[in-house]
Structure formats: C-alpha cells, structure tokens
Amino acid sequence: QPITDSQRLFSIAVSRIQHLHLLAQRLFSDFESSLQTEEQRQLNKIFLQDFCNSDYIISPIDKHETQRSSVLKLLSISYRLVQSWEFPSRSLSGGSALRNQISPKLSELKTGIHLLIRANQDGAEMFADSSALQLAPYGNYYQSLGADESLRRSYELLACFKKDMHKVETYLTVAKCRLSPEANCTL
C-alpha cells in the first residue's frame with residue numbers, strides 16, 4: 001500500500017518534533033547541571049507552583065482524553081503550542097549552537113502542521129479561531145532582572161519548552177497513528 005502525502009507529512013512532523021523535544025531536554029539538563037544542588041531544589045519547588053504560558057491553550061488533560069481527541073483537534077493544539085514558542089524560543093538559555101537550531105525548526109514544524117490541518121479539514125473551518133488566541137510572549141520575562149530572578153526565569157522557560165515539546169510530540173504521534181490503518185494507538 002503506497003504512502004500518502006499525509007502519512008509522509010506526518011512522518012516528517014513527528015521526526016521534527018522528536019528532534020525539538022530532544023533539543024529541549026538537552027538544553028534543560030545542561031542548564032540544570034550548571035546549577036548548585038540547593039539552587040536546583042529551590043527552582044524545582046518554585047516551578048511546581050508556577051504555570052507555563054501555554055497552559056492557557058486548552059488541551060487534553062490526560063492520555064485518555066488525548067486518545068479520544070480528533071486528529072484535527074490534536075493538530076490544532078499542536079499548532080498553537082508550536083506557535084506560542086516562536087518568539088520566546090529566541091530567549092532560551094543554553095549553548096548558542098543548540099539555541100540557533102530551535103527557531104527555524106519551530107517555524108518548519110508550524111508550516112508542516114498547518115499543511116496537515118488543511119489536508120485533514122475536509123471543509124471544516126475549525127482552524128480559523130486558532131489565531132485569535134495570541135499569548136503574551138511570557139509576560140514580564142524580558143524585563144531586566146536580578147541574578148536570582150533571571151536564573152528562575154531561565155529555568156521556567158526551559159522547563160515549559162521541554163513540557164510543551166513533549167505534549168506536541170505526543171499529540172502528533174497519536175494523530176499520525178490514527179491515520180495508519182494497521183496501527184494500535186495506545187499511549
């Protein structure tokens with residue numbers, strides 16, 4: 001059975017998000033390993049109480065809800081999550097070689113997801129509202145901060161980026177699986 005354009009696009013998108021998720025994990029663990037143990041404990045405590053900017057994007061709350069979500073819904077949420085990182089990704093801490101890869105990869109992924117949404121819409125105009133939700137680019141993140149506050153912000157941004165890339169990877173993998181006739185799509 002020949003591979004359809006949609007399956008090929010999904011394979012590329014899943015491969016790209018897996019790479020971005022690995023980059024996010026690497027940036028986060030590099031940042032964590034640069035911290036003192038006490039600093040790390042404090043940041044972990046603070047982060048557990050904080051929210052990511054993207055938490056305002058309505059998404060499935062668990063794997064069961066993810067499994068029940070339509071392909072189009074998973075694609076739309078993925079698009080919004082990727083879009084929400086286009087600007088903040090330029091401020092991620094970490095090695096510049098890694099950081100410089102992120103913005104273009106996010107942009108390519110966003111384009112790919114947009115094509116997948118169009119291919120899976122079947123005339124439904126569900127995508128129009130996604131541009132209505134423009135998240136603030138991490139609020140007051142860009143103010144000049146003291147050293148401790150700057151450290152906390154870098155930690156939050158990297159942790160949120162890692163979390164969101166994991167979400168997108170999960171959603172795209174489930175959506176891709178749904179379009180594959182012989183697949184078992186359990187998480």
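Quick reminder: no glycine exception, Cβ is built from N, Cα and C everywhere.
Per Swiss-Prot, these features apply:
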type: MOD_RES; residues: Gln1; note: pyrrolidone carboxylic acid
type: BINDING; residues: His19, Glu169; note: Zn(2+) binding site
type: DISULFID; residues: Cys52-Cys160; note: disulfide bond
type: DISULFID; residues: Cys177-Cys185; note: disulfide bond
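Distribution of Swiss-Prot features across the structure.
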{"residue": "His19", "record": "Zn(2+) binding site", "Cβ neighbours (10 Å)": "15"}
{"residue": "Cys52", "record": "disulfide bond", "Cβ neighbours (10 Å)": "20"}
{"residue": "Cys160", "record": "disulfide bond", "Cβ neighbours (10 Å)": "23"}
{"residue": "Glu169", "record": "Zn(2+) binding site", "Cβ neighbours (10 Å)": "21"}
{"residue": "Cys177", "record": "disulfide bond", "Cβ neighbours (10 Å)": "17"}
{"residue": "Cys185", "record": "disulfide bond", "Cβ neighbours (10 Å)": "14"}
Fill in the CA-CA distance, His19 (Zn(2+) binding site) to Cys177 (disulfide bond), as an integer in Å. 18
Pop the Cα-Cα gap between Cys177 (disulfide bond) and Cys160 (disulfide bond) into the table, whole Å please. 26
What is the separation, in Å, between the Cα atoms of Cys177 (disulfide bond) and Glu169 (Zn(2+) binding site)? 12
According to DSSP, does Cys160 (disulfide bond) sit in a helix, a strand, or coil? helix
